[in-house]
């Protein structure tokens, strides 16, 4: 395959699959799934995982060395801009991380983002020098606003977090992609490899997922499937699919037939 890196905040990555670290039975399974997925960027919820905050609990970084993986701290569990900003500041103190995934939840049932709180947090974080990858609704206006204000990537949801419903509104995603000036990565809602392939076929720069792997009957096998789905979808996008037609079009030649 041609050289086709994912570029975020000026850094190149060969994998377009970003993965989370929650819901696995232990850190060993987490690492095995990440390796099977081929992921280079691994997102971690600072409010739920130990990255050095506690000396008495296992440290995830012992399984995910920083020289091999890009750790992407996220603000999962935050419901206000203030909490999200505080969490990102903690990430910078713990590991000098400035690339962060911002999410500010507005509703505990749907886990949809609170866009006002997210905007306020993004504004503060960007001003403080953070490189913000922002979780958003699949609203073209909101996604464009986040890009214009300086977010290094915009991550619209495909469906509610952990739902596994797949891409519910490909048409909004197409509009978001048409006007994109920063990488667009689907975040949340994918359930299986075909969902990932569709996202990449549409032109998304990548996909971030967690539950689709961790909640599978065989997480390691599903991680492999997700990696292959990303690769197939990206290749199909670069190749350019045939146009859709209402009527049939024979693939065999119609002239020079034997019985003519």
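Each residue, glycine too, has its Cβ placed from N, Cα and C.
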Exercise. Of the candidates 162, 229, 233, 240, which does Swiss-Prot annotate as part of the 1-deoxy-D-xylulose 5-phosphate site that also includes 188, 189, 210, 211?
Worked result: 162
For this session: Have a look at the binding-site residues (210, 211) and report the one with the fewest Cβ neighbours inside 10 Å.
Result: 211
For this session: Pop the Cα-Cα gap between residue 101 (active site, schiff-base intermediate with DXP) and residue 162 (1-deoxy-D-xylulose 5-phosphate binding site) into the table, whole Å please.
Result: 17
Problem set entry | Listed in sequence order, residues not in 162, 188, 189, 210, 211 with Cβ within 8 Å of the centre of the 1-deoxy-D-xylulose 5-phosphate site Cβ atoms | 160, 161, 163, 164, 190, 209, 212
Seminar exercise, completed: For residue 211 (1-deoxy-D-xylulose 5-phosphate binding site), the three-state DSSP class is helix
